[in-house]
């Protein structure tokens, strides 16, 4: 079943990328990992829709493809979803129609094959007990298996989203909403943060390993849920705590009930890439600020590997913090060795191959007078296919850098993610098939260094934990997945929320 | 669950109406009945999408709110739906993506409460045996009852459309597609023309009374289905025949199979309003051209009621044919007594009350030099609430007509439709509570005349039938509905396809 | 200097045509003449902008490419112009900004080479005495000569419109506005209806031969000007009179001053094609209703040429009136032999050549049951290149007509227009090089008949005039232009207002 | 004459600001100075339009309101202008139509009163010798006086732009283009960088004091002109040199001619705010990189004023470099104390007053864990009205900062700019009426420090010059304007290019 784009004008758009993640794949200018989605929820605030708007705007970096929200006025749902950024999808008239004090919202990135409006969340359904809306961030590893079983017993599906599977499971259960939701979560395997809303209830839950972040705050008596704390800060809400692995919080007329849906104990395994790259630098994870954590990664990098160089520079925007940390620790001055054009986003025009070879650079350019004649330490967060790193190294050389030393503030990225991050096939991950020396040659660096597992765990504060992995999922580095990932011989990785 | 409009710009639009049906309700400029939907299907033509585009464009008068089509290339579905006219919803890039040789398409009108993109058809589902698309014209009287039963057994719904109910029934049946479809149609009560498509099959069916029109044609070996013959003519297809009441045609690799789903014999009851008002004048129904049929209604009217007048004029566009017929029969000259502005459709601006009172007329204006000082016979097809008729009569008087005699080419409209036409509540139908003389006074006419049942049946050629109703559903005039219309104490009239 | 389209989306649009004038040139589906522009003006009405909106909407058939209006609040101008229909160009917010009680407005058609927003009218300037806005309908034959002289003395031009030339002439004159305007009009040669507005004055003028229509009405004490009376009727204004050839009306704080700018007497020569084809059937010209005039053309045609046939049909929409006149006079029944799809306007998609050969018809289709086996008289208003006529004749034959007799309610169209109608080169006008018999063969008709000059003049009421041409410009038929048309060896025909 | 917005959708837009300059005036979230415009030119490169696209994109921070370019193919001009960002104004089809090898382009910011498409540049005219296009950055102080004289002698104006005045002066001169252009520049007084293009020539010029930057580069034999060097770097062009004050470069078939238009010698006076705030950090001015210059401003600040604090933070984005410089020099760690949401730009929705008071922050938020319990040095580039500074100081305090010390890397801003920067009235400039201590109280800082004149001149490298002002225009700080600024008793400040 192919693509349905409801906004015809988008069809002409060549999505060249976006803020954190510009372009994709082999042909993109950047081969960064794609973010997976962000969720936001409000329980009992008279400005539920407005708060969701600002909250989703703060989470925009987690998904730029579509945005949506559903609001309950106690009796009825009002909702709107669309392709594009939050500020493009909602306008004043639409906001005015989103009346109510309970809301869930969603921003979404997905692989292009699923890029359709019908997949935009929150998904909204009518079921036995009224209205039901669902928004999620993550990936369900056994979604296809469950879907086949549901189809065999007569279910029909309108989306390709995992989230629809969960809605069916809830509706099929003879139990009440909370128990039905627990049953549903016990049938699915994966990494997910989930918000479920009915006309008068809000449920928030995290998978048994807490793979995807989900946090709770309060604002004037209302409860707020968000994928990252930056969304709480943006709306002036006070951070209460992160949702625990396997936890299921219920908000209804009786207030907050803290329950669990999982049986038995699972190790905590929060996605390390959230620390390294995805989450906004002003967000906190596990009580630790991301800018500070990344600066510590830079410090650690410096302690593991001192390079005799003239300037330190970071690949904007995600590696600036680490670069400053490296500079501080080594005493080598931090400089603005490259600059990113902030007017990015969707653009119709791309340089022709010819112009690209002449050096036309729309997104990132080196600052010639900063790097000319200098030995440069270039800090970046990860290497996926290697193409972006090579391009940046060469750009610095073209601008006159005499040496370019690349320091990556994470271990080599070798394995695909099954929990919501869109990674290429294993064979496209350069670190899964090449040695560090081979990668160094491929990216044309004078030297190449990766942060150690210990350094990473130390930087995120995980060394205080009894867990040798520091409470992190490090599967993309060490291939040790916290859940079963192969069902009926099929592996379903990426994100299909 | 409230409105979802996926195209923000439409929210600002004050839908003042459209070609055949301008504005609606008490506040609209026109209180015409709303058309209910049109369907179009192609089986095995390499240009399936293009033919559907032209076919739907020809059926545009049956639904201006949304349009959609789904095409199968044998393995996969490609589909697109959007709010607006056919020419607005599809563009070159979208058309290029709709690859395949089997297609179904839909144009839709619906009451504003259901005006959402998610209700746009064809509805497309994944089910046990692959992809399933459904498009329909009509109304299912017991849809709510069936929906409740399905919800009780765990079904979830994403639309408020009756069509989704049928898709569930098909998917729930353990039988093969054709038998499952027959089972589904045997559970529903109402008036409908249905197209069902899978990856390699097309099914066309009409309700047991043939309430809604559906016709079949051929083009270069391919089969074509359309709500009206004008769509066949537009694409150059040859008309084969109308689909019979209760008939279910199956097209697959073995060619055409002519089957039936209903048990027992039902009287044919084709909607009389299709003859009187809805269908395009160049379409044929039951082998009879609509322009000619309407002209005969004018002839009949003249025979039943000769008026001593100077000019005959028809309310554009639907009553021009009848007016010419009346003029021909009486010898009173037919004149262009009023003219409709053809640049209608959605518009942002409406005259203020003040300007309206000053006589600002955007849609319809009288031709002063034609009616000034004249006794005018004004032909119209029906009176719903009476507000439009009064407005037009007064407009003719303001332009100088000395007498205005109103001739309606149908019996008084007294009862709501349960089979797909959007009619107001019975209490708003002026003829259900007022005498003809009272209506005459209300609309400020010098005299008022309705066509007799016999005259109507004669004009459409139904007098040749053994059925005293001439094979027509006349329920809106005589309150004799061909099916049960009350289920569990609830009446569901209007259209929710 | 090439095209500037300020609305990028329009660039993709294949303008396949519109209501009266569908497509153009050799490749268009229709080779109808293009309308030239419409003007509308209001002096001292508090709803000046709203009235202009409705007035321009009523004149939309005179120009569908761009629309604009300029309003004066006594001190300042407020204006807006855009590509598209009136209803597309203006929205509520824009209308709300157009504050004032004096207004001029414009709808424009132009040849594609000049299709730019900067040419959209009213043109608005700052000059010595404040603000100046100008809107016109027509063509200035010596505009290029004047423009060259102005450029030689240092003028710069931002548009390719003749209207900018007139604004320069006004600004260059040392006299006061009224005298400066008279001087300007005395320097230009051509056919034009002109509206000039300053912060507190409105001037309306017609060329010395009155080639283009311009009419004046009153509404609640305000003065209204419009290209056609239908715009007055639409807003409820009372028709006062048509502007006389060479007349210049001044409206300022002292009320209405009726002046003249031309010296000496010129014969009246109102464009005959306004009667035959352009003006709306509900408009009056010279006190004569257009529908009635066209019906008389049909009567005349019948008197000049009775054809033994079964049905009379008119090419919609412009020839319906004449067809009814022909039918009335001959007693042959008038029938709806062809029907036009009303959902036309800009569309993205055109049938492929293959589908077109299969007979896909988006705009006009024959009504098979009406013409099948019949001898058909087809009434049309003119033949330009002959391609459209051939297409329609063949369409009627394909639908089963046994004979097709073509009656054209005007003399053969042989010469280009220099006064504002976009005509092809003389060599493309079929009647300028072929005999009637040759044309008949080319269009595949059984017989072909043109209305005589006398019949045309009789039908428009011009036989009462002492002028043998009946007060009409018949140059496109008889090559006798009322003005010099060749300046410095250059002929400038078409429309460049 | 009021606003004309040709893109209706923009009317609904609440321009809340943009990348460097978010919101404006008393009610804006930010009261930053507005950038004034950017120009770009290409002489003889086959990809002239594409290079202009990327060049203008690199200069986008200099003007976000409209963009345009005009290309000459040797015989004809092709041009396009529109409201919005470069990437919004141009699409593939438009780019494909911009054929030629000479081009000039423009990005524009202007005060809202002049925010109309007709003012978008390049302005394009027809004059005596063919086509003429003009693009400029700056302000002409005596434009109104010249305009009045031109109007008196019969000129008409379509824009309110100073640039149209210059085009008139050129067209009025009896001399050839180059001499006419020199004459024009000798009549105007102000600060400007000018590009003039005809069908086969390109002229680049800078005002006699070189107030606005303009630079020249080469790419594969073609000449490139740009307001900033970052645009050269982006397209891979080699920097040749900056245009000298009073210089006029002519490019035609004979290659490059280096001429001057001014008589006598004027002191160089490049706008200091370009160094401090406007130009992109990766641009060079006078051979000095802006990031480095700003870092030196931070160093100077540190030498002039050491503060005993825990963290240094800069207001993003313009003060990051200076903050790093301050941190380096003092040894106090630089931290990410606040973060800007990168998804800004136009947005439909603004927090209500109520939500704003609750602390909803869409653009800038403090990073609580970084500043909590800390003594913070906050580096910013300038204080205009003081409102933004107060807001940021309070935001840092709300996030837990115990002390906030504000260091401004420029002297107090006391006087309006007459050379192209949009500054508020003198009375709104807080430093023109208040002492530093009063400002400190107003912005709620613990201490407030401004960089000295000497420190600023040292940082930009101007201390090597014999000029005590270091070759800078410092009028906004010291009230010593390099030109006469009052003509006929009127002062015209701001930007009206």
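Think of each number as a place in line: the chain as shown, counted from 1.
Cβ coordinates are placed from backbone N, Cα and C, and glycine is handled just like the others.
Marked as active site, nucleophile by TrEMBL: B:37.
Classification of residue B:417 ([4Fe-4S] cluster binding site) by DSSP places it in coil, neither helical nor stranded. According to TrEMBL, the [4Fe-4S] cluster binding site annotation covers B:271, B:417, B:473, B:476.
Annotation source TrEMBL lists Mg(2+) binding site at B:318, B:380, B:381. For residue B:381 (Mg(2+) binding site), the Cβ neighbour count at a 10 Å cut-off comes to 24, with all displayed protein chains included.
Mean pLDDT across the domain 'Glutamine amidotransferase type-2' (B:37-254) comes to 93 in this model. Annotated domain 'Glutamine amidotransferase type-2' per TrEMBL: B:37-254, in sequence order.
A Cβ within 8 Å of the Cβ centre of B:271, B:417, B:473, B:476, the residues given for [4Fe-4S] cluster, is found for these other residues of the same chain: B:191, B:211, B:272, B:273, B:419, B:421, B:474, B:475.
Using the Cβ center of B:318, B:380, B:381 for Mg(2+), the list of other same-chain residues with Cβ within 8 Å runs, in sequence order, B:276, B:277, B:314, B:315, B:319, B:322, B:379, B:382, B:408, B:409.
When the alpha carbons of residue B:417 ([4Fe-4S] cluster binding site) and residue B:37 (active site, nucleophile) are compared, the span between them is 14 angstrom. Highest local Cβ density among the recorded positions B:37, B:380, B:417 belongs to B:37, counted as other Cβ atoms within 10 Å over all protein chains shown.
In sequence order, B:191, B:209, B:211, B:269, B:270, B:271, B:272, B:419, B:481, B:482 make up the list of same-chain residues 6 or more apart from residue B:473 ([4Fe-4S] cluster binding site) whose Cβ falls under 8 Å from its Cβ. Residue B:476 ([4Fe-4S] cluster binding site) is 14 Å away from residue B:381 (Mg(2+) binding site) when you measure Cα to Cα.
Here the C-alpha separation of residue B:476 ([4Fe-4S] cluster binding site) and residue B:37 (active site, nucleophile) works out to 19 Å. Within 10 Å of the C-beta atom of residue B:271 ([4Fe-4S] cluster binding site) sit 28 other C-beta atoms, taking all shown protein chains into account.
Across the fold, the C-alpha of residue B:380 (Mg(2+) binding site) and the C-alpha of residue B:37 (active site, nucleophile) stand 23 Å from each other.
A straight line from the CA of residue B:318 (Mg(2+) binding site) to the CA of residue B:37 (active site, nucleophile) spans 18 Å.
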